[in-house]
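Feature annotations, courtesy of TrEMBL:
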SIGNAL    1-17  signal peptide
DOMAIN    50-105  domain 'Partial AB-hydrolase lipase'
DOMAIN    108-237  domain 'Serine aminopeptidase S33'
ACT_SITE  Ser180  active site, nucleophile
ACT_SITE  Asp352  active site, charge relay system
ACT_SITE  His383  active site, charge relay system
Amino acid sequence: MEFIAIVVLWMVSFTFARIEYNVKSRAEKPIYFEQNGVDWQFDPDIDLDVPQIIRRHGYASETHVVEGKDGYLLKLHRIPGPKGAQPAYLQHGLLGSSADWVLNGNTTLAFYLADNGYDVWLGNVRGNTYSRAHVSLPVDSAQFWNFSWHEMAIQDLPTILCHISTSTGKYGEIIYIGHSMGTTISFVLASTLPEVAENLKLIVSLAPTAFMTHLRSPIKYLAPFTDDIAWISRHLGIKDLAPSNKLMKFLSYECEISYGKEICQNLLFVLAGFNKDEFDITTLPKISSHDPAGASTKTLLHYAQEIRNKGNFQQYDYGPTGNLEKYGTATPPLYKLENIKLPVYLVYAKNDIMTSYVDVESLSKNLTNLAGMYLVPSDTFGHVDFIFGKHAYQYVYKPLVQYLKKHAVDSNAIRKPQKPLSILTCRAM
């Protein structure tokens, strides 16, 4: 019996040793499997949430939950920096989440900023995977999904920015870095609530999305139907964005001709574009496991309304009667970009189908405090490449951090708040 017990213990210890070795091997050497002629890469990040991904890559991680002004519960993920570090807030784009900033290997923007001593905060807008909760509204109710990027800017960002300011003690020192829709809501906030924008030191816009006159995205095909409630209900859904199979097939037609079904089943690539020169195809399972991360139908319609209205950067259009009730005018007001006093640094690309470089140049002419413009040095770089591109580090992140360091003490490039902020200022917002 004693001999048998020793043998059993030896077998158990050998088994655990093998398990430990296999887990370690998986982390160090990705596993590949073949499907449809492609060697897909198994990446542990497929099944992990953002805090787990951050920790797996060797960084500390925190999760903060804040309540927006109208009751939405918003998750912030943080890679804490050293004491007194400069806070940087990263805001994802349409259909994205905080995962967008940590999925592209060890050279993602979040990790690169952390490596350079920043206190990194990753936001999640209402309705996405991490911020799908409310203090009183059921998630499956129409009321919960009755928002666009306007509410994200007006209701959510004030709470988020004040939470970061009070947590770090760095009032008026936050560097805001947005991508796609993340830039849109920064422009709305800074033009509409300048007192809240005093929490920021600089706005960095990756793929700045405001004017949509020259947009090439399939979103343009939705523009004629933005007033047709029956069509919207049938093909997009009234609450969370859920395109019908028929509409998805139509929107993805051009994408499938060029890149095939594997890519074009993902709504993010259908709407924002795909670049085979910049995308590592073996990472598709990982990307698709996190994106799309959810959005309200109203958020997408807000962009489609802009296209219908000559690309104007304007508030949501509720129709003549609804506009009169909400705004006092038959048409929705334009956002007053000239009210933005913060310095804004624009980073854009020529092959961006969501954000035309022509529209970015128009945007720059409407900003009274343009800190600078940087055109990505590639003719193929597109909208999604800012977060998932093979050369995002080389073309975007490295030059951006160099810019931030070079101008950190340049008062002409990055201004200080007009008046000292305090915890009382945040509580009053």
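Note: Cβ is positioned from N, Cα and C throughout, glycine not excepted.
Note: the CA-CA distance between His383 (active site, charge relay system) and Ser180 (active site, nucleophile) rounds to 8 Å. Long-range Cβ neighbours of Ser180 (active site, nucleophile) (same chain, at least 6 residues apart, Cβ-Cβ under 8 Å): His92, Gly93, Leu94, Gly96, Leu206, Ala207, Thr209, Ala272, Met354, Thr355, His383, Phe386. In sequence order, Ala207, Gly273, Phe381, Gly382, His383 are the residues near Asp352 (active site, charge relay system), counting only same-chain partners six or more apart with C-beta under 8 A. Note: the domain 'Partial AB-hydrolase lipase' (50-105) comprises 12 helix, 19 strand, 25 coil (DSSP; helix = H, G, I, strand = E, B). A sphere of 10 angstroms centred on the C-beta of His383 (active site, charge relay system) encloses 29 other C-beta atoms.
According to DSSP, the domain 'Serine aminopeptidase S33' (108-237) comprises 58 helix, 18 strand, 54 coil.
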